[in-house]
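Have a look at the structure below, then the notes.
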Amino acid sequence: MQASALVKSGVSCSSGFQNRRVLGESGRRLALRSLRMTKRSGCCGLSFGSETMETEMRRIRHGFDGISRSSAKYKSLKIHAHDEDMEGVVPAKPTGKSSGTVLPFVGVACLGAILFGYHLGVVNGALEYLSKDLGILENTVVQGWIVSTLLIGATIGSFVGGTLADKFGRTRSFQLDAIPLAVGAILCATAQSVQTMIIGRLLTGLGIGISSAIVPLYISEISPTEIRGTLGSVNQLFICVGILTALVAGLPLVGNPAWWRTMFGISMVPSILLAVGMAISPESPRWLYQQGKLPEAERAIKTLYGKERVAEVIQDFTAASQGSVEPEAGWPDLFSSRYWKVVSIGAALFLFQQLSGINAVVYYSTSVFRSAGVASDIAASALVAAANVFGTTIASSLMDRQGRKSLLTISFCGMAASMWLLSLTFSWSALAPYSGTLAVLGTVLYVLSFSLGAGPVPGLLLPEIFASRIRAKAVALSLGTHWISNFFIGLYFLSFVNKFGISTVYFGFGFVCLLAVLYVARNIVETKGRSLEEIEQILSATA
């Protein structure tokens, strides 16, 4: 993870830039060229006089001569830097207060995460009312298709999102993504037939699938190193906020059954704001640099991190690009003996996440609470969503202290216990008088357990365990597993409940959670505080 530090240049500037150690003649030439560019362009706001420049040049040459005489030490360090794991970390730790700003642009990107959660949760309260209007109240199969069509679109979107981002850039892809999100919302809000509703859900699914790929990508590429971990969990937090917003938006349904159309229609607003916000947001500096658009990259860096760090970050990009010699991996490479172990871990984590029953709870908690006799079923579902937000906030603070593996274990154990409590609630007649209270309690505990680990950890763990040359495709494959399993759960959950009973289905979800605990114990390595090289070596040793 720190391999790129071995090839960074050693420049000591009068502005107070941090001295860096540079290894080899190529690093020397890079630093001298960077210093000359700084003199010409003044992109960092520095103004070198000729005397100062000569002093700096002599200092660099002296530093490199000393390093060149230590070639043995250089070689011993070099062998630890596997070239495929050279990371373009953005940016290095700052030496002073930055004049740039990142948070507003992370907030704009998180509109995509909010829409992701909103469209997942909006059908929860609206399903019964839209089923009455569209004449499918007794047809659970068609209701399942309305729920699951969203997931078909999301599966497609998750695979194409990375391709769009690489071809058109991150911000332009967000703007393109706003089109199916807005059009789909309009179609759902105005639907007079099942066909129109399904087309609308398919389009919004395409939109949230693209968002699932590009929101974390954009946030990670514009976030400074020192707060990347915190901002990395913001995506999951805002997905939870979106789900909570959808459930709160359903509260007026009791008094106004036609309100479901408004629930779908209002999602147009954040879609438009996303498109407008991305029009004024900086493009990913890393993507611009990779496209050879150096002036645009410098402007984006200046906006995000401040003019005083432009040369520093460009230098990091240059060092990282020199360190990578392997071509980008193709799809078949994911299934090679070299990568299959780690790729299968990513896919398995998302498979367990979905088969544990989380989205069945998100989609159908209102119906389940109603069957348990809860007086205010939509309010109870909103309480569940609030527990999700609360738990994710706690998880963000524990991620770097407790560790990923332990949080996953605690999370799946809590989910199994909660599901078995729910199973007993609906099957044991002695608990019938308390079924409403226990249904809400069990569901809240389940969602709280999920949000502590099984929810946020897989999305954070994947970039840590995937090497850079397979990262985009491996993440796409893992997300594809997520959406496909999500689709089948949404499609068949009600049918399984009708055939086997809610108690049996919940018991099955609890059993899957137990299997997940065993899988995590056997296959997941703790990545907290470990470099990418250490993680890869551990995974290779257990293959």
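Glycine is treated like the rest: Cβ placed from N, Cα and C.
Record features, source TrEMBL:
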DOMAIN    105-528  domain 'Major facilitator superfamily (MFS) profile'
TRANSMEM  102-122  transmembrane segment
TRANSMEM  142-162  transmembrane segment
TRANSMEM  174-192  transmembrane segment
TRANSMEM  198-219  transmembrane segment
TRANSMEM  231-253  transmembrane segment
TRANSMEM  259-280  transmembrane segment
TRANSMEM  342-366  transmembrane segment
TRANSMEM  378-395  transmembrane segment
TRANSMEM  407-431  transmembrane segment
TRANSMEM  437-462  transmembrane segment
TRANSMEM  474-494  transmembrane segment
TRANSMEM  500-521  transmembrane segment
Contact call for the transmembrane segment (437-462) and the transmembrane segment (378-395): at least 3 Cβ pairs under 8 Å, seq gap 6+: yes
The transmembrane segment (174-192) in contact with the transmembrane segment (259-280), cutoff 8 A, at least 3 CB pairs, sep 6+: yes
Selected stretch (most C-beta pairs under 8 A with the transmembrane segment (231-253)) from 102-122, 259-280, 342-366, 378-395, 474-494: 102-122
Feature contact check the transmembrane segment (142-162) with the transmembrane segment (259-280), CB under 8 Å, 3 or more pairs: no
Selection from 102-122, 142-162, 407-431, 500-521, the stretch that has most Cβ pairs under 8 A to the transmembrane segment (342-366): 500-521
Intrachain neighbours beyond the transmembrane segment (474-494), with Cβ under 8 angstroms and 6 or more residues off its ends: 140, 143-145, 147-148, 150-152, 154-155, 158-159, 161-162, 209, 212-213, 334, 339, 342-343, 346-347, 349-351, 353-355, 357, 359-360, 363-364, 458, 462-463, 466, 505
